[in-house]
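Quick notes on the structure that follows.
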Amino acid sequence: MTEINGNLSAEGLNFCIVVGRFNDLITNKLLEGAIDCIVRHGGSEDNITVVRVPGSFEIPLIAKKVAKTGKYDAVICLGAVIRGSTPHFEYVAAEVTKGIALVSLETEIPVSYGILTTDTIEQAVERAGTKMGNKGFDAALSAIEMANLIKEIR
């Protein structure tokens, strides 16, 4: 039996982080977490490109554009969609989720999902580096592992 696993070394890997500016109190913390993860796992800030977009809804398009350049081993998507009193939350959350999944499938580049979808700002804060860890860090960790796994399979 053969088992293939991706390792957690970011050394020599190139990343693009696509981050929404909307709810930047949260998304900036997610970005800090993602960069921290890459550096802690042997990556270099010189191998990280950050692209800021207006909000989470715009993330899939730019993720696809950067993935198609062939410059990056993985794309990390970071954003925060916080429920309001309208159905807008459901529409945005669903479309962003579908869009990010499609980008990965269409480009065959790992695209990690670091989009917070929470009911309150407090829940978002908890997931951006306080009680519940930092989901930006988690998304970067997934991107590192998947980039290495793809290299192993190729």
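Using the three backbone atoms N, Cα and C, a Cβ is placed for every residue, glycine included.
If you look up Swiss-Prot, you'll see HIS88 marked as active site, proton donor, on the strength of sequence analysis. HIS88 (active site, proton donor) is surrounded by 12 other CB atoms, counting those within 10 A of its CB over all protein chains shown.
Around the Cβ of GLU58 (5-amino-6-(D-ribitylamino)uracil binding site), the number of neighbouring Cβ atoms within 10 Å comes to 18. Sequence annotations record features per position, and here Swiss-Prot assigns 5-amino-6-(D-ribitylamino)uracil binding site to PHE22, SER56, PHE57, GLU58, ALA80, VAL81, ILE82, TYR113 based on sequence analysis.
Taken from Swiss-Prot, the feature (2S)-2-hydroxy-3-oxobutyl phosphate binding site covers SER85, THR86, ARG127, and the record attributes it to sequence analysis. ARG127 ((2S)-2-hydroxy-3-oxobutyl phosphate binding site) falls within a helical segment according to DSSP.
Calculated from their C-alpha atoms, the gap between SER56 (5-amino-6-(D-ribitylamino)uracil binding site) and ARG127 ((2S)-2-hydroxy-3-oxobutyl phosphate binding site) amounts to 16 Å. In the three-state DSSP reading, PHE57 (5-amino-6-(D-ribitylamino)uracil binding site) counts as helix. Across the structure, ALA80 (5-amino-6-(D-ribitylamino)uracil binding site) and ARG127 ((2S)-2-hydroxy-3-oxobutyl phosphate binding site) place their CA atoms 10 angstrom apart.
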